[in-house]
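Annotated features in TrEMBL:
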type     : residues : note
DOMAIN   : 8-444    : domain 'Major facilitator superfamily (MFS) profile'
TRANSMEM : 7-37     : transmembrane segment
TRANSMEM : 74-93    : transmembrane segment
TRANSMEM : 99-119   : transmembrane segment
TRANSMEM : 131-150  : transmembrane segment
TRANSMEM : 162-182  : transmembrane segment
TRANSMEM : 194-213  : transmembrane segment
TRANSMEM : 219-241  : transmembrane segment
TRANSMEM : 262-285  : transmembrane segment
TRANSMEM : 291-313  : transmembrane segment
TRANSMEM : 352-375  : transmembrane segment
TRANSMEM : 396-412  : transmembrane segment
TRANSMEM : 418-440  : transmembrane segment
Amino acid sequence: MSARRWLPLIAACIGTFLLLTYATITTIAVPAIAVGLDGSTGAMSWVVDAYTLALAALLVGMGALGDAWGRKRLYICGLVVFLVATAVCAIAPDITVLVVARGAQGIAGAAMFATLLPLLGDAYSGRDRHVAFAAWGAVAGLAAGIGNVAGGLLTQFFDWRAVFYFGIPVAAVALAMAVFCFADSERGDDNIDWAGIVLFTLAAVAAVLGVTWGGDIGWASSSTALAFLIAIGALTAFVCWQRRGSSPMLDPALFRSLKFDGVLVAAFGYYLAAYGPLVVLSLWLQNGLELSASAAALVLSIQPLAFVFVSALCGSRLQRVDLRLSLGFGTILCGIGCVAMLYVLAEPVLPALIAGLILTGVGSAMVSPVLPGAAMSDAPAERAGTASATANSSRQFGLAVGIALCGSLFVGPDEFALLWPLVFCAGVGMLTGLVSILLFSRSSTPETVQPIAERAHT
């Protein structure tokens, strides 16, 4: 295969790295942003939450729109908005403008994320598709860990605005490559399920807001309760509508596949356990151990380094491994990594933290390259975007829930402040890993990813 043929993969990886890096890149920069823009604690939480909320809530709806309108068209529109929003973030004169621009980044990121995997499926076939999915999945897993490191280094050696200036040339390169490297995808059914998109988006936004407000203002507050009530009502209406609609946004048949259900559970659990604690870990390193932003970033860089090492060593082999081992045990390993970090409650502190970061990095490297092909294995070609967006949405919900709940459980700068956040993440990681193994075991034929990738979109 000529080197030119890999250009769509490179374009997809750049776009994926960009949008997922910006889910976590501001976490270490938040204290500097608060000083620079004189932002309150509540407002500063929205610098992170506005992006993750929009990204998680809109992914599935964007997947349906991409299937109907054309994936390349929607991806390019998303990149243009992302580029403009990033520039606005870089020059934001106050915290309100920054939060609004971060929300726009998240909306654009959802349009990009929902369409990237189907675009790769359109570009490659057979074994090359399996290689492309694995590489894309590895980049997706790496980007979340790199965001904290990049944010810390840019803030330490420049200032917080450099966090956003960094993304402008990257977005420009991604846009140019997308225009020339991706083929125009066929438009699907013009009968778009607008009611389904609105109901699901409302349920997703309300659910993420409920989790976020629960961490910020309390789980017993009226705002938190109202958000969860709206989420439950909208989700109930969405399920009823999907069962009755002639052209549903989410094909109910997808959820009758135990394999697909297992993928969703693993996606949620591994992302929560591996990346949910990173925000409170960065705060603890800076406030508890009094490390600089760059030093905290270097400590957290252990996780992506472990991810890269395992991906390079075992990435291709993982495609031939049973999903119970790659997705199931990989998710459990992320939970075990959080258990290892609990030893920061005793001396010495850093060795326990390093061991936990290595384990979560290894677990993520087992899951992330396998996830894309597994998510699309049972989806027909015309629903590929929706299926992949659903799996990615589950992953982003894991991150949003992890950040919000870890933040609410984090009570101070001493080492005991990490106790309940790590216990929570460890429990979720190990439980979801076990559930996914059970679901894969009960499916008719637990498969490896290699044959999945070879038949996807065919």
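Quick reminder: no glycine exception, Cβ is built from N, Cα and C everywhere.
Below 8 angstroms of C-beta separation, residues 15, 18-19, 22, 37, 62, 65-66, 101-102, 104-105, 107-112, 114-116, 119, 161, 164-165, 167-168, 171-172, 174-175, 178-179, 182 of the same chain, each at least six residues beyond the ends of the transmembrane segment (74-93), sit close to that stretch. Ranked by the number of CB pairs under 8 Å to the transmembrane segment (396-412), the listed stretches 7-37, 194-213, 352-375 are led by 194-213. In the predicted model, the domain 'Major facilitator superfamily (MFS) profile' (8-444) has a mean pLDDT of 83. When Cβ distances are compared across the two stretches, the transmembrane segment (162-182) makes no contact with the transmembrane segment (418-440), since fewer than 3 pairs at least 6 residues apart fall below 8 angstroms. Packing against the transmembrane segment (262-285) from elsewhere in the chain are residues 24, 27-28, 48, 144-145, 148, 152, 291, 295-297, 299-300, 303, 323, 327-328, 330-331, 334-335, 337-338, 341, 353, 360-361, 363-364, 367-368, 371, 374-375, 390-392, 394-399, 401-403, 405-407, 410, 413, 415, 417-418, 421-422, 425-426, 428-429, 431-433, 435-440, 443: each is 6 or more residues past its ends and has a CB under 8 Å from a CB in it.
For the transmembrane segment (219-241), the list of distant contacts is 195-196, 199-200, 202-204, 206-207, 209-210, 213, 248, 408: same-chain residues at least six beyond its ends, Cβ to Cβ under 8 Å.
When Cβ-Cβ distances below 8 Å are used as the criterion, the transmembrane segment (291-313) is approached by residues 28-29, 31-32, 138, 141-142, 145-146, 148-153, 155-157, 274, 278, 281-282, 285, 350, 353-354, 357-362, 364-366, 368-369 of the same chain, each at least six residues removed from its ends. Remote same-chain residues near the transmembrane segment (131-150) are listed as 8-9, 12-13, 16-17, 19-25, 27-28, 116-117, 120-121, 123-124, 163, 166, 271, 274-275, 278, 282, 297-298, 300-301, 303-304, 307-308, 311, 315-316, 318-319, 361, 364-365, 367-373, 399, 449, 453 (criterion: CB distance under 8 Å, separation of at least six residues from the stretch ends). Below 8 angstroms of C-beta separation, residues 258-259, 261-263, 265-266, 268-270, 272-274, 276-277, 280-281, 284, 322-324, 327-339, 341-342, 344-345, 363, 402, 405-406, 409-411, 446 of the same chain, each at least six residues beyond the ends of the transmembrane segment (418-440), sit close to that stretch.
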